[in-house]
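Engineer: What follows is a structure written as structure tokens; I'll ask about it next.
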Amino acid sequence: MVNVLFVCLGNVCRSPMAEVIFKQLVAKQGLTNQITVRSAATSDEEQGNQPQPGTIKTLTKHHLPWQQLRASQITLADFEWADYIITMDHQNVVDLKRIAPADCQDKIHLCLDIFPDQKGTPIPDPWYTHRFDYTYDVLAKAMPAWLTFIKRHSL
């Protein structure tokens, strides 16, 4: 089993979007018995909350389920559980590397680094930009690339 964890600041915008997009791709390829997907936050501010209304609206528009999503902060157990920890921006990487066990550091990746020409590019946070559709579009392009990478390297 390969475990994938998507992480952003609050776990109410980007990482839950990534989680449900990725889960849909995994299911469409018949890989749900081989890949488990979750999301988490670096912060505890939104703990237990549903996704932001803009996230809900965007996911609903794309017929993706959001009802079971609740924000949770990453734990040390999550670092051990995950094979891939895919973050949305540089601050997520910094925050995670500060608290990750030494043997988990290499699991942490910036999402758009999957594309060689976009290395170092953050995924804009719609909490601030209010561009939920744009964030969705960026994630929808990155998720198939991550699935291909994971299938090639871990399955």
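Placement of Cβ uses the backbone N, Cα and C atoms for every residue, glycine included.
The domain 'Phosphotyrosine protein phosphatase I' annotation in TrEMBL covers 2-149. Residues annotated as active site, nucleophile in TrEMBL: Cys8. Summarising the annotation, TrEMBL assigns active site to Arg14. Positions annotated as active site, proton donor by TrEMBL: Asp125.
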Engineer: Could you put numbers on the helix, strand and coil content of the domain 'Phosphotyrosine protein phosphatase I' (2-149), residue by residue per DSSP?
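Structural biologist: Its residues divide into 75 helix, 22 strand, 51 coil.
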Engineer: Give me the CA-CA distance between Arg14 (active site) and the residue listed as 'active site, nucleophile', in Å, as a whole number.
Structural biologist: 6
Engineer: Round to a whole number and give the Cα-to-Cα distance in Å for the pair Asp125 (active site, proton donor) and the residue listed as 'active site, nucleophile'.
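Structural biologist: Distance between the two Cα atoms comes out at 9 Å.
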Engineer: Got a sec? Which of these active-site residues, Cys8, Arg14, Asp125, has the most Cβ atoms within 10 Å?
Structural biologist: Arg14
Engineer: What is the pLDDT of the domain 'Phosphotyrosine protein phosphatase I' (2-149) when averaged and given as a whole number?
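Structural biologist: Averaging the confidence scores along the domain 'Phosphotyrosine protein phosphatase I' (2-149) gives 98.
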